[in-house]
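J.: Here it is, the structure in full.
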Amino acid sequence: MHCMAVHQFSPSIVSSLPTISTYNNNHFCRFFTPKTSISPISKTKSKSSTCYPIQCTVVNNSSPSSTIVRRSANYEPPIWSFDYIQSLSTQYKGESYTRQLNKLKKEVTRMLLGLEINSLALLELIDTLQRLGISYHFKNEINTILKKKYTDNYINNNNIITNPNYNNLYAIALEFRLLRQHGYTVPQEIFNAFKDKRGKFKTCLSDDIMGVLCLYEASFYAMKHENILEETRIFSTKCLKKYMEKMENEEEKKILLLDDNNINSNLLLINHAFELPLHWRITRSEARWFIDEIYEKKQDMNSTLFEFAKLDFNIVQSTHQEDLQHLSRWWRDCKLGGKLNFARDRLMEAFLWDVGLKFEGEFSYFRRINARLFVLITIIDDIYDVYGTLEELELFTSAVERWDVKLINELPDYMKMPFFVLHNTINEMGFDVLVQQNFVNIEYLKKSWVDLCKCYLQEAKWYYSGYQPTLEEYTELGWLSIGASVILMHAYFCLTNPITKQDLKSLQLQHHYPNIIKQACLITRLADDLGTSSDELNRGDVPKSIQCYMYDNNATEDEAREHIKFLISETWKDMNKKDEDESCLSENFVEVCKNMARTALFIYENGDGHGSQNSLSKERISTLIITPINIPK
């Protein structure tokens, strides 16, 4: 994925994203996966995770005389049981742990404020806080430091030589990444200082392997047409690959006089970056990995930071477990999981998405509400993708569009409960906003669901007619049919307080979605396709982006996958550029949009992390939600 930026990109794929389409279907549903029982694994014998198109005959209760042939995806039941989820407990609750955390927080604050503003140590400390997942505690301090750094080095002084670290690749690349991450448009030309007279990066830079790794990570903050950053990506990739090859040679290790711990740490970090760059990773997963695999082994490990990071992770995890238990009780009470055995019951996986979107302890309401949406999107997606007839799907779409609970009697029996739960859930969310802000947002929320269901319906029509869409047609529909737009629209109202007329004008909900939402949704769609398209085609579904590209260009599957990865990289460049028309959108909301893309890449990195319930999915859920980090007493 790291090499994708060297390709040419067709701007029509992103720039022609539609105003609210009247199409249908979704793959956002593949967001969710396992299920476990008290053990924690259910004692019920698991079925194969492969989805097969199975024909089954079902009598339509609405029309007793008619027999309908329906498809089945043969989804596994959930492995995470209600009883197991309710049994989750942790010791990391209560005032004693909070007092301990606050004491450590004061010590870390003193560290931050005690370092000289232009020191490399200060940059490294900020980077370490981020990778340990605790930088959110010091948001104001970090923002103040970086603002002063940017002002001193790039506003008041236009000459790079005034930067004391100007000839240090590691320091400059780290500073560039941190400043761009926080919204400062540091010029890419800063890296020209590391080029020779021919305009090529100096070969001696490869001796600074951590500097090259920082350069590689910095290149992912590129925007469109930033050619210097494209060059840094190519150069750093080549250097890192050569280093990895050298480290496989025992003689080279002796020549370089590196100890095994240093080599292993470097190789771990490089492999980790090649899998996904830091900019594309979710905070919570990165924190657990960095704590477990890297930080304790570092020679300059700070015991205060380490203790603070582990304790904070466990305290926040205890809040996540409470949120999950609340969600589990809601899911049990609405009884959808047991009534619709053709659909995926993916409660735990839905919650994992929410942890990726907003993990901080203070956002419990956001997680509890938004996780319901993930669950409902999965269920409704399976109705459209697998079970419903075209006539039934048109009825359901019309009912959502008219938003009248009286229409429930016009629906087939199996659709009544999903429609009723959807109607009640969205109205409940609207009521919460009305109480808190005296603002009626039901029309906005409803519209996002209407858009989604129309997209589902259009994809169903494609399927039943055997239509082969072009890649452009598919992406114009697919960025909406993935369902992420529904999540983000609801997230906006959860995270924005107060809601102003200027905010609503920026959203332009009556016409189209903001670019930041479109971009996040497109990455989510493409990541989903990379992870799930084979299984979906096996069970009977419309062609995905991979197959559309193969059809359009007479390409192989490998070539198509490379192109989809390239589109993801190009869309990230669009998302890296702040749209002035969206400047009034809150920082929290913009970050959640980016986190949607990051979480999709995390979920689908190694296949269908939402629906397959494989060992990797179970391990991720366990480490992030269930199992605390060991803290010796």
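Backbone N, Cα and C define each Cβ position, glycine as well.
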J.: To which of the residue ranges 71-75, 326-330, 366-370, 381-385 does Swiss-Prot assign the term motif 'DDXXD motif'?
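T.: Checking Swiss-Prot against the ranges 71-75, 326-330, 366-370, 381-385, the motif 'DDXXD motif' one is 381-385.
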J.: Hey, Swiss-Prot has (2E)-geranyl diphosphate bound by Asp381, Asp385, Arg525, Asp528. Any idea which of Arg332, Arg344, Arg598, Arg620 it lists too?
T.: Arg344
J.: As a quick check of your reading of DSSP, tell me how many residues in the motif 'DDXXD motif' (381-385) are helical, how many are strand and how many are coil.
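T.: Split by secondary structure, the motif 'DDXXD motif' (381-385) comes out as 5 helix, 0 strand, 0 coil.
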J.: Give, as a single whole number between 0 and 100, the mean pLDDT over the motif 'DDXXD motif' (381-385).
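T.: Mean per-residue confidence for the motif 'DDXXD motif' (381-385): 94 out of 100.
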J.: How many whole Å apart are the CA atoms of Thr532 (Mg(2+) 3 binding site) and Arg525 ((2E)-geranyl diphosphate binding site)?
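T.: Thr532 (Mg(2+) 3 binding site) and Arg525 ((2E)-geranyl diphosphate binding site) have their Cα atoms 10 Å apart.
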J.: Over all pairs in Arg344, Asp381, Asp385, Arg525, Asp528, the listed (2E)-geranyl diphosphate binding residues, work out the largest Cα-Cα distance in Å.
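T.: Output for (2E)-geranyl diphosphate binders Arg344, Asp381, Asp385, Arg525, Asp528: max Cα distance 19 Å.
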J.: Return the count of C-beta atoms lying within 10 angstroms of the C-beta of Asp385 ((2E)-geranyl diphosphate binding site), excluding that atom itself.
T.: 26
